[in-house]
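Record features (TrEMBL):
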{"type": "TRANSMEM", "residues": "62-79", "note": "transmembrane segment"}
{"type": "TRANSMEM", "residues": "100-127", "note": "transmembrane segment"}
{"type": "TRANSMEM", "residues": "152-175", "note": "transmembrane segment"}
{"type": "TRANSMEM", "residues": "205-229", "note": "transmembrane segment"}
{"type": "TRANSMEM", "residues": "241-260", "note": "transmembrane segment"}
{"type": "TRANSMEM", "residues": "356-381", "note": "transmembrane segment"}
{"type": "TRANSMEM", "residues": "401-430", "note": "transmembrane segment"}
{"type": "TRANSMEM", "residues": "442-462", "note": "transmembrane segment"}
{"type": "TRANSMEM", "residues": "482-505", "note": "transmembrane segment"}
Amino acid sequence: MPMSYVLEYLSVAALTPTWTASFWPFAVDDSQDGRESDPAGARNVSFELDEDEFDSWVRKHIIIWLLFVCIYLVSFWTIKQLKMKPDNDELYAGDEDFHVYRISLWMCSCSLATSIGAVTLLPFSIIGSEVLQLYPDNYYLQWLNWSLINSMWAYIFSLSNLALFFLLPFAYFFLESQGLSFNRHRHEIGSLPSISITKSVKSRIVETTIVCFLVLVLLVVLADVIFSLNKNSISFSLFNLSIPLVYSLVSMIGTVILLVSTPLGFSKMFDVCGELLITPKVLPKQPEEDVIRLERLAEYRRAGRLLGSAPACCLGAGDADIAMRLKSIVAPKKFPIVSRVFRRVANAFDLLKYPVIILVLLALTIISVSMVVVNSLQLLFGFRALPEYVQYVELRSRHTFGIIGAIVETFILIYIAIASLVGIYSMPYLSTHRPRKGTTSMTAIIGNCALILMVSSALPVLARTLGITSFDLLGAYGRINWISNFTLVMGYNVFFATFSILSLVNKFTTPVRRELARRLWAVTRRDSMAFSSPRPNLNTSGTSHNKVD
């Protein structure tokens, strides 16, 4: 009996995980033991996970902050180069406006930095996602992750809304503000009372804030009216209408501007590159070259007579030094072949840089227009779906051609951004408001920053709508309503391709058409002059003789 009790006790105890782990540690699962028998270890694991998540969050925001600071410094330097001195600005009233102009300058710099970030957002995301897929476990690329890319899209969208609906209107109304009436103080100078309006920064901030709030309410109400006119959509009220819906209208305006400016910029880029690359060479004055050459020849002959007439041992104490100095002056160069090669390379570079750049621009333009045409055909025949909302980037290959395709798409996106900027300032009305170095007023800078921000924030939507890239619009960019409308997207693609082709054809056939028109005008004018001139009368002398007879 006692032996049976002992065996029964051992069989029951063997089923418990604690006893088994103490005598046979390999028979128990480590994870189960960590969860059940060691709650302190589970807490440590949870704490380590929270710590890693916190470290990644801090690292991500430090990277975003450093990038924003670098872009902000570039934007601040650019605006400082463009804006005129405050003393020459018509709105600058004195030292009391110094802080007002400084705050407006900071806001414009922040808006321009957001514009640069919006332009570089899609290229950075394309290259970053492809690099992450190629090198997922690289130690030096641990800072680049999917969370960073998604956070950059969210921050750019938020900063675009903040700059477009608050910072730039605030900067403009802040310059125009005069202060509220409760800040007027009465001063007496001698016996004559005078009322002076104190333009304190505090009162102007209060006035500007009130005006900006009223303008924002007006925009929201206007958007509510526009959405309520559509019978197929739900009418939004003032309280549930969100800023992204208003931003959707603004992005549509930006894409319409890009629809006109980008094809125009394709044709203007050739003229701009020609103006920048072809610099007129200033030929040196021929008489001065002749004089210099004759002087050097005279020194060489004089030195030859001095060195050849007497040996060095017969020269005086100072004559040898003079001879050596003259020999060093008139001696030929040590490396004439190298200098000649460098001169030929420089001349060849000057000759080839213009045609090479023109061919590169032509290739980028043809590739861009071809991608739009192919995207239109794919949409028409159902081989490509409309852009859809994607909250997080997917872990799959984004490009058919791999990293090469990502690099080509990046160059095309940057080229489209530059071409759109050139096209904007080539349009009839906007060309007069183009910023120029040292002569641009602060109000003109605010207007240009608003225009560039509106266009640059719509650039990712343009690239996705035209099929330039297959990268999905992340975050709130994918929730823009009109990019899911087939009629709008198809019409946008067709109009963009047609306008681009017509602009290029007009650009390259303009000299031929002008020459043909000139020749036709010369021919028609010569024929008209020949028909209109009076013919000579051959019987004039005969009739005169008959009259005399």
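For all residues, glycine too, the Cβ spot is worked out from N, Cα and C.
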Within this structure, do the transmembrane segment (482-505) and the transmembrane segment (152-175) have 3 or more Cβ pairs under 8 angstroms, counting pairs 6 or more apart in sequence?
no
Should anything in the same chain at least six residues away from the transmembrane segment (356-381) have a Cβ under 8 Å from its Cβ atoms, list it; otherwise answer none.
266, 269-270, 273-274, 277, 408, 411-412, 415-416, 466-468, 486, 489-490, 493-494, 496-497, 500-501, 504
Result, the transmembrane segment (482-505) in contact with the transmembrane segment (100-127) (3+ CB pairs under 8 Å):
no
Same-chain residues near the transmembrane segment (401-430), Cβ under 8 Å, at least 6 residues beyond its ends:
119, 122-123, 126-127, 130-131, 134, 257-258, 260-266, 268-269, 272, 361, 364-365, 367-368, 371, 451-452, 455-456, 459, 462-463, 468-469
Spatial neighbours of the transmembrane segment (482-505) far in sequence, C-beta under 8 Å, 6+ residues away:
248, 252, 255, 259-260, 262-264, 266-267, 365, 368-369, 372-373, 375-376, 379-380, 386-388, 461, 464-467, 473
